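**Student:** Reproduced below are the annotations present in TrEMBL:
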type     : residues : note
TRANSMEM : 115-134  : transmembrane segment
TRANSMEM : 163-187  : transmembrane segment
TRANSMEM : 199-218  : transmembrane segment
TRANSMEM : 256-273  : transmembrane segment
TRANSMEM : 340-360  : transmembrane segment
TRANSMEM : 417-437  : transmembrane segment
TRANSMEM : 443-460  : transmembrane segment
TRANSMEM : 472-492  : transmembrane segment
Amino acid sequence: MEEKLCAAGSFTKMAKSLNKMEMKVNEAISKSRIGKYFKLESRKSSFTKEFRAGTATFLTMAYIITVNASVLSDSGGTCSVSDCTFPANQTHATPDCVLNNEGYEKCVAKMRSDLIVATALASMIGSFAMGLLANLPLGLAPGMGPNAYLAYNLVGFHGSGKMSYQTVMAIFLVEGCAFLAIAVFGLRGRIARFIPQPVRLACAAGIGLFIAFVGLQAHQGVGLVGPDSSTLITLTACTSTNPVTGECTGGKMQSATFWLGSVGFIIMCYGLMKEIKGSMIYGILFVTLISWIRNTAVTVFPNTPSGNSSYEYFKKVVDFHKIESTAGALDFTHFNNGEVWIALITLLYIDVLASTGTLYTMAEIGGFVNEDGEFEGEYTAYMVDAGSTIVASTLGVSPVATFVESSAGIREGGRTGITAIVVGFYFLLSLFFTPLIASVPPWAIGPSLVIVGVLMMKVVKDIDWNNIKHAVPAFVTMVLMPLTYSIANGIIGGIGVYIALSLYDNMLSWVKWLMRMKKMVVKEQNQVSATADQSIEVV
């Protein structure tokens, strides 16, 4: 008994000693030039709090490194028919070789490694710039919308679309330059404030629902929901699914990885209930470490060819790959094509609305927005957001934008650019530790995304639900984001409904204005007539 008391006492003393050390470090940094530059004291933050926030943000958005590379590589990238191998009795490869050919697949695999590095590098540069220049706790990385638009619409699966990968990268570059020009002239801030208040408030909740929906799916989450031929979406968490459609084929609610992810979710919830710092990090690490154990039902390295390959890559721990095929892959020769300009305009308006709305929403969640609808570092933040897209296109990846997962770091107390710099530093490390980053399972990330969704829903209390003119646009915004899998669609839908509901009031005000103008004109005419009559009488 005495030994247990002594051990508990020693632990308490150690904890107090560490807390004192932490306080001294935070105080020293807050009073240093670094602390003053990042305004740690004025924003009521500390270095260790910012470090935890940056770690939480990175862990929730680290999936983009491999997911973005996987999506973009589905297009075939810079690979072509010339990379296909063909039998000795043939003089050349046929066009359909891109569907199933050893040489082409090797090219795609090599290009995917290029894209992993390019994604991490673009994210690192964007996050560093946001922290150093705008002093905001926002992580940047390639967004999930434009990459899918590239892979499955513009370039198509393995180059089956109407444009080449190089042409689309050139479109991204031009779009980024136009985006930057809009930011330089201060138009992005005006666009953000042009969004009606109920839609702005609903954006946070809608993005929260969107993130939670992503976290509940199989590819980037715990796999609780999945496709269904009758109802479009249904409850799954199955032990086996159709590899083509993704529908459940057996063992509904029996997925071991789902239940492991649920344990991680409970850990995060308890941590937040008890206000334990870094609780989301602990939940992610718990699930990840267990998933790294082989020969279990929850392993991320199953005994399959792909699982064995992933495990061999994981054992490298440290690995650096040089970008060879995607950097500088730009082609402007097809800009005389109308479809190129349609794609350019589409991407521009999506980025202007979605990226601006996301960045503004993150600023509102962090409490940076003042009564005038502005926030400190806004002008620089918009330019960094746009400039990062230019950098990304030259590296060969899709546009970079402020990530909604930044709200995870904000929830952990991130209030300055140090959070973003920590995110950038982790992306720098990921360039060398890609095997470990690539091995974090989606069912470890999913619970944290659901938690972020929960925390972002609190803004709905500020919406005037008794006012239909506010309630309907807000509801449309919130519903369309997850159901259409697009933040931009939600914002467009909300603004459209708000404008439609405002037509009556606007028309009524115009009629009243015209009536007032008519009365003024009649009054002036009467005065002129009276003056003329008086002049006639005098004569």
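Heads up, residue numbers simply count up from 1 along the chain you see.
Glycine residues also receive a Cβ, built from the backbone N, Cα and C atoms like all the rest.
No curator has checked TrEMBL annotations; they are predicted automatically.
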**Student:** Taking residues 6+ outside the transmembrane segment (256-273), which of them lie with a CB under 8 Å of any CB in it?
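**Tutor:** Same-chain contacts beyond the flanks: 221-224, 237, 239, 279-280, 282-284, 286-287, 290-291, 297-298, 441, 443-444, 446-448, 450-451.
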**Student:** Are the transmembrane segment (472-492) and the transmembrane segment (199-218) close, by which I mean at least 3 Cβ pairs under 8 Å that are 6+ residues apart in sequence?
**Tutor:** yes
**Student:** Can you find at least 3 Cβ pairs under 8 Å between the transmembrane segment (417-437) and the transmembrane segment (115-134), where each pair is 6 or more residues apart in sequence?
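**Tutor:** In contact, yes.
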**Student:** Honestly, do the transmembrane segment (340-360) and the transmembrane segment (199-218) touch, with at least three Cβ pairs under 8 Å and pairs 6 or more apart in sequence?
**Tutor:** yes
**Student:** Please indicate, using numbers and ranges, the residues of the same chain that are 6 or more beyond the transmembrane segment (115-134) and have a C-beta under 8 Å from a C-beta there.
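**Tutor:** Residues packing against the transmembrane segment (115-134) from afar: 64-66, 68-69, 72-73, 77, 140-142, 321-323, 326-327, 377, 380-381, 384-385, 387-388, 391-392, 395-397, 400, 402, 416-421, 423-425, 427-428, 430-431, 434, 438.
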**Student:** Six or more residues out from either end of the transmembrane segment (199-218), which same-chain residues have a Cβ under 8 Å from its Cβ atoms?
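**Tutor:** Same-chain contacts beyond the ends: 192, 224-226, 236, 241, 246, 357-358, 360-361, 364-365, 404-405, 407, 442, 445-450, 452-457, 459-460, 462-463, 473-475, 477-482, 485, 487, 490-491, 494-495, 498.
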